[in-house]
Amino acid sequence: MTRPYNFSAGPAAIPAEVLEQAAAEMLDWHGSGMGVMEMSHRGKEFISIYEQAEADLRELLSVPSQFKILFMQGGGLAENAIVPLNLSRAGVVDFVVTGSWSQKSQKEARKYAAEVNVIASGEANGFTTLPDPAAWTPSRGASYLHICSNETINGVEFQELPDLRGLGCDAPLVIDFSSHVASRPVDWSRVGLAFGGAQKNLGPAGLTLVIVREDLLGHALPACPSAFDYKTVADNHSMYNTPPTWGIYVAGLTFQWLKRQREGGHSGIAAMEQRNIAKARLLYDAIDQSQFYVNKVAANCRSRMNVPFFLRDESRNDAFLAGAKERGLLQLKGHKSVGGMRASLYNAMPLAGVQALVDYMREFEQKNA
Ligand SMILES: *Cc1c(COP(=O)(O)O)cnc(C)c1O
């Protein structure tokens, strides 16, 4: 069976090998007589799935030992509240607003922090550039500084995480890496906490990944729900309440798939990064070389994962999407707040899928230009 290429921004494509394995094990996981959805989260079968997933993720992302890996629920949006509930200490928090997601995050934080300062913003440029960290002025005594390291809707991505200590700022950096986790390495020396929903690059919706430095645990506000107190979750190995067992299992299969990947002498995340660079280059070059399509993001801020683009003649949008679907190129419609098209090129998208998209775009241009 050849499946169409799915460019959804999320929930997004999952590698076929992962889906096939999950299907094969659906009714009977490893001779246990149970499917994973039917198992106690405290039984030895699920504990082994959980421990393997955590160990594989720690290895893949080179997560240092002083960081806890938490498997939570509620998605990126819940983390917009859970982070200030745990880290704000009801004080001042800083945000850099680079698009829709960081905008949402700073609004939500206002419910919990005494003061929210947007210390830099790309809004004046329509979120087509990233404010230069060298010009940021973090607030004195801020509890943390939040960025969205890849803006899924606007298509801007930090190519390097900001070095807050280099700016004379001791506050921990919080990153929302929902839509580019596992697409490239993370410089943990610059991070205090990273969070992301699984449904972009790791597995099914319903699982939220939080990776947090140990010294940031134990400062939750009294109003923080126990199930969302990072220290409680960490002390209970993500099993204070029933964790999203299916999500952890499928993410675990994805981690094993990632470990098997090879590209240009690299493996794992480094291999994915090589492939993701090649995929993004292929699509951006095709857009830039045409008179028919346009991407408005500054070249050094362009996301490797989410590529919004426009037809210069927007009256052809529906025809473009209909033709794409006929070719097996799915879910290319842009986010309603931005319009146009968006191609999400997560890890599960092979180079051949991007080539098929580029071929279609050229053909559509020739017919319609
Ligand atoms: C998708 C996304 C979210 C929202 O995730 P939910 O799981 O829907 O809450 C937050 N931040 C970023 C960067 C995202 O891409």
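In case you wondered, yes, glycine gets a Cβ from its N, Cα and C as well.
TrEMBL labels come from automatic prediction, so no person has curated them.
Small disclaimer: the values here were computed from a predicted structure and weren't measured.
Noted in TrEMBL for the protein shown:
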type    : residues                                       : note
DOMAIN  : 5-357                                          : domain 'Aminotransferase class V'
BINDING : ARG42                                          : L-glutamate binding site
BINDING : TRP101, THR152, ASP176, GLN199, ASN241, THR242 : pyridoxal 5'-phosphate binding site
MOD_RES : LYS200                                         : N6-(pyridoxal phosphate)lysine
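Shown on the structure are the features that TrEMBL records.
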residue: ARG42; record: L-glutamate binding site; DSSP class: coil
residue: TRP101; record: pyridoxal 5'-phosphate binding site; DSSP class: helix
residue: THR152; record: pyridoxal 5'-phosphate binding site; DSSP class: coil
residue: ASP176; record: pyridoxal 5'-phosphate binding site; DSSP class: strand
residue: GLN199; record: pyridoxal 5'-phosphate binding site; DSSP class: coil
residue: ASN241; record: pyridoxal 5'-phosphate binding site; DSSP class: coil
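Checked against ligand 1, the binding-site residues TRP101, THR152, ASP176, ASN241, THR242 give TRP101, THR152, ASP176 as the ones with a Cβ under 6 Å from it, listed in sequence order. GLN199 (pyridoxal 5'-phosphate binding site) and ARG42 (L-glutamate binding site) have their C-alpha atoms 25 Å apart, to the nearest angstrom. Non-local contacts of THR152 (pyridoxal 5'-phosphate binding site) by the CB criterion (under 8 A, 6+ apart in sequence, same chain) comprise ALA9, GLY10, SER100, TRP101, SER178, SER179, LYS200, SER303, MET305, ASN306, SER344. Shown in sequence order, GLY76, GLU79, TRP101, SER102, SER105, HIS146, ILE147, CYS148, SER149, ALA194, PHE195, GLY196 are the residues of the chain, 6+ apart in sequence, with a C-beta less than 8 angstroms from the C-beta of ASP176 (pyridoxal 5'-phosphate binding site). Ranked by how many other Cβ atoms sit within 10 Å of their Cβ, the recorded positions ARG42, LYS200 place ARG42 at the bottom. Distance between Cα atoms for the residue listed as 'L-glutamate binding site' and THR242 (pyridoxal 5'-phosphate binding site): 9 Å, as a whole number. ASN241 (pyridoxal 5'-phosphate binding site) has a Cβ environment of 13 other Cβ atoms inside 10 Å. Cβ neighbours of THR242 (pyridoxal 5'-phosphate binding site) (same chain, under 8 Å, six or more residues apart in sequence): HIS41.
All protein chains shown were included, and the count of other CB atoms within 10 Å of the CB of GLN199 (pyridoxal 5'-phosphate binding site) stands at 23.
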